[in-house]
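A short write-up of the structure that comes next.
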């Protein structure tokens with residue numbers, strides 16, 4: 001399953017079942033002996049011998065890889081014309097070297113063991129000796145979180161892009177949305193405030209890193225540049241099938257759908273070698289430790305920004321029938337609160353700021369946990385309360401023989417996703433226009449000829465948009481965008497932001513806040529997708545629970561994206577790099 005994960009990591013994750021070097025030698029010899037008696041003995045024996053020699057030669061291979069990347073890194077930092085690009089190569093080089101070293105010398109687990117021991121000791125002293133009551137612990141946590149955020153709001157100097165009065169509104173908006181979720185909570189007494197406070201703090205730290213530090217900006221710019229390059233490869237495929245002029249039209253059919261198909265196929269290649277699973281497990285373990293959510297919630301919540309709301313649920317499909325209602329609510333909320341990597345590439349193709357989109361997706365991970373655990377706290381005992389691991393693969397599931405077959409399967413799945421996106425967009429937009437036509441006809445008798453769903457929701461979302469902290473004269477415009485996203489979908493809203501003349505003069509701050517506020521699948525069309533995916537995966541066993549909580553999860557995910565927009569409005573300082581044009 002995961003060919004890139006080494007022995008130590010798979011011991012941490014027993015489901016991946018990786019053996020030690022001695023076990024590899026022993027099993028290779030057994031395989032060689034077993035196959036020596038059949039018609040393919042020569043080939044099998046050769047493979048077994050090679051497999052048995054790999055662990056012994058791995059050190060040499062890793063030394064050569066280390067020398068190669070050391071030379072590459074030195075070539076960059078030595079040359080004057082390349083030295084200013086040192087950050088990203090240094091990060092990549094450092095990660096590779098640390099990985100190679102810890103592959104052979106188990107330094108990192110020892111270090112982390114001491115770090116966690118010190119952390120546990122310190123927190124125990126604080127919790128058990130200084131803050132003995134739960135009320136004191138919660139109060140101290142609130143003071144720390146609110147104080148840390150307030151420092152970032154009030155201390156930095158004003159700029160033409162970020163005035164202190166606007167940041168104060170965003171600051172108030174963040175806690176306004178948290179208060180709304182608390183008021184609507186199903187079990188107020190069951191709320192785990194540690195989870196809520198840590199989630200808000202994590203969201204704020206991510207925003208600080210991206211929007212206030214050069215390192216954060218450069219790293220996310222590097223990620224967004226990779227996404228743009230990936231998009232251009234899909235465009236090359238469209239140009240081959242049609243022509244370059246058609247590929248550059250920027251239409252949904254020729255711009256977004258091919259990028260989705262190609263991206264899903266590439267993800268299958270990466271997944272075939274285990275990189276996706278490795279990354280998701282690392283993210284999930286962190287959120288499991290930091291936020292105290294269950295293993296199933298950790299895996300799907302961490303995976304949602306990368307592989308989408310439906311695909312992330314597939315990762316734990318064997319657990320879905322046994323999830324608690326709160327877990328189901330959290331998993332659906334995470335899907336509504338973010339967008340998937342496949343459509344992310346398509347939205348970048350519209351010309352939207354990639355750094356804002358990528359950072360918004362990551363920020364929505366803790367935001368969805370915060371809003372969902374406020375709205376629907378856990379009242380049962382989750383089956384995966386103390387574990388973070390993928391369930392075993394279905395024995396009946398077809399296993400790809402090689403990477404080309406996996407790539408082909410990915411392309412087929414990408415086509416299915418693209419067809420679903422196209423169909424949903426066509427039907428939902430058509431239905432919305434039908435309802436709008438009826439409302440307009442009805443409104444014409446009341447001297448309201450422009451009465452539409454978007455207009456109704458624009459008024460409903462106007463006070464919410466005010467609390468995001470955009471310039472006062474742009475509140476109504478951004479409210480209409482948010483209403484369009486909620487009624488139709490985020491693609492239509494983003495298209496309006498980029499192409500509609502009414503938004504041509506929107507300020508950089510307004511564009512940034514709108515980009516964050518629209519970055520999620522919280523719309524009526526996604527409700528149908530969610531119901532279909534979960535009912536299919538659970539074979540109808542959780543139909544009632546999913547249907548009861550889907551609208552709640554939709555609104556909760558919507559609030560999570562609004563929280564991300566508030567934090568972006570608080571933290572963003574120099575917005576010239578987020579200009580619309």
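Cβ coordinates come from backbone N, Cα and C, glycine included.
Feature transmembrane segment, per TrEMBL, maps to range 59-79 of the set 17-37, 38-58, 59-79.
When the ranges 485-506, 551-572 are checked against TrEMBL, the one recorded as transmembrane segment is 551-572.
Secondary structure of the domain 'Concentrative nucleoside transporter N-terminal' (172-242) per DSSP, as helix, strand and coil residue counts: 63 helix, 0 strand, 8 coil. Residues 252, 449-454, 456, 487-489, 491-492, 523-525 of the same chain lie 6 or more positions beyond the ends of the transmembrane segment (425-442) yet place their CB under 8 Å from a CB of it. At the 8 Å Cβ cutoff, the transmembrane segment (251-274) and the transmembrane segment (328-350) share at least 3 close pairs (sequence separation 6 or more) and count as touching.
If you take every residue in the domain 'Nucleoside transporter/FeoB GTPase Gate' (253-350) and average the pLDDT, you get 79.
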